[in-house]
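The GTP binding site annotation in Swiss-Prot covers 19-26, 83-87, 138-141, and the record cites sequence analysis as its basis. Taken from Swiss-Prot, the feature Mg(2+) binding site covers T26. The feature domain 'tr-type G' is assigned by Swiss-Prot to 10-206. Sequence annotations record features per position, and here Swiss-Prot assigns phosphothreonine to T386 based on similarity to another entry. The annotation region 'G1' is assigned in Swiss-Prot to 19-26. As annotated by Swiss-Prot, region 'G2' applies to 62-66. Per Swiss-Prot, the feature region 'G3' maps to 83-86; the stated evidence is similarity to another entry. What Swiss-Prot lists as region 'G4' is 138-141.
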Amino acid sequence: MAKAKFERTKPHVNIGTIGHIDHGKTTLTAAITKVLHDAFPDLNEASAFDQIDKAPEERQRGITISIAHVEYQTETRHYAHVDCPGHADYIKNMITGAAQMDGAILVVAATDGPMPQTKEHVLLARQVGVPYIVVALNKADMVDDEEILELVELEVRELLSEYEFPGDDLPVVRVSALKALEGDKEWGQSVLNLMQAVDENIPEPERDVDKPFLMPIEDVFTITGRGTVVTGRIERGVLKVNETVDIIGIKTEKTTTTVTGIEMFRKLLDEGQAGENVGLLLRGIKREDVERGQVIIKPGSVTPHTEFEAQAYILSKDEGGRHTPFFNNYRPQFYFRTTDVTGVVTLPEGTEMVMPGDNTEMKVELIQPVAMEEGLKFAIREGGRTVGAGQVTKINK
């Protein structure tokens, strides 16, 4: 194997701004790009507030979300930053994971303190597995009383602790996004301080290739004289020829086999890794032993399950979703990775029904096992049409 070439590139981290409406998320996003552009002109372009605020609409799994993507660099890192103009866009983005976050900047206005959407975003961040939070206490220039600033900071820390973030330990940085954007030197420095806190407190994510091997099966073929080949895109990890793998999901029994060949673009490889579309030749496996929807994994790294809890967003009628609400015992299909499995929905106590456009927690019982872990995303479908999207928050069985 040729040695991997050494690339002088910075670590890449995905972050986003979350928090209550009008607390200054978009202004802060613009201020970060401006301040970093001023500090490191050759590394950064400044993005104006209007550019970010007029976020283009994206469609992810049939769901329309407005997301602004900006990128910038500190001395040590390269960041991709997402900001959503509307509250509904945040909810949709966080649940569908359209833009996955390695960490978030929670923006809280010092003039208001934590508000209902602050709570909702923190709860969602906890449920969908945003692992780290740094707080920007914004509009700090508008509060003269030190005691009030300290009280608001305490409130934010308590809120974060309530949702199992390390509220006492994580950084809370006082900033004024607007003043920084207007070129005020002192408040410009506050935004640099914030980014230093982000650099130091949001760890680099584990790269997909370093995780245990997993590939969802998309297709199965028989090649005469050679055996059974399954194709798919490697989701994570690295697989070498002659390694042992488990095939799990859909069926009750797992199958263990050896991969005797790995092909990509009709060429034989020594190994396949995350992101590559490959064909795997499996020893002693018949065509009917495996099917689309199963996954091939490093033995023992994932287990199949039928019962889980999830946070889901249900498409509105305008997004092509349902026109009517659904109730307890709703039975749609849950599309995991490459296949649909029917499941029965139990709504949280006190929730009679779920309207199109709502987000909700739910318990689901599938009729066939699916290889799953917390954080796994799925679409909710009715006869092939997407009516919702969600993420596994807890596995029950």
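Every residue number used here counts from 1 along the chain in the order it is shown.
Glycine residues also receive a Cβ, built from the backbone N, Cα and C atoms like all the rest.
Given the structure is predicted, the values throughout are model-derived calculations rather than measurements.
Feature annotations (Swiss-Prot) mapped to structure.
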residue: G19; record: GTP binding site; Cβ contacts under 8 Å, 6 or more apart: K25, L106, V107, V108, Q117, T118, H121
residue: D22; record: GTP binding site; Cβ contacts under 8 Å, 6 or more apart: A109
residue: T26; record: Mg(2+) binding site; Cβ contacts under 8 Å, 6 or more apart: T17, F49, I52, D53, A68, D83, P85
residue: C84; record: GTP binding site; Cβ contacts under 8 Å, 6 or more apart: G16, A55, I65, S66, I67, A68, Y90, N93
residue: H87; record: GTP binding site; Cβ contacts under 8 Å, 6 or more apart: I21, Q117
residue: A140; record: GTP binding site; Cβ contacts under 8 Å, 6 or more apart: A110, L149, R174, V175, S176, S190
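Break the region 'G1' (19-26) down by DSSP state and the numbers are 2 helix, 1 strand, 5 coil. Taken as a whole, the domain 'tr-type G' (10-206) shows an average pLDDT of 90 in this prediction. Within 10 Å of the C-beta of T386 (phosphothreonine) we count 18 further C-beta atoms, all protein chains included. Secondary structure from DSSP puts C84 (GTP binding site) in coil. Across the range of the region 'G4' (138-141), the DSSP-based residue counts are 2 helix, 1 strand, 1 coil. K25 (GTP binding site) counts 26 other C-beta atoms within 10 Å of its own C-beta, drawing on all protein chains shown. For the region 'G2' (62-66), DSSP puts the residue distribution at 0 helix, 4 strand, 1 coil.
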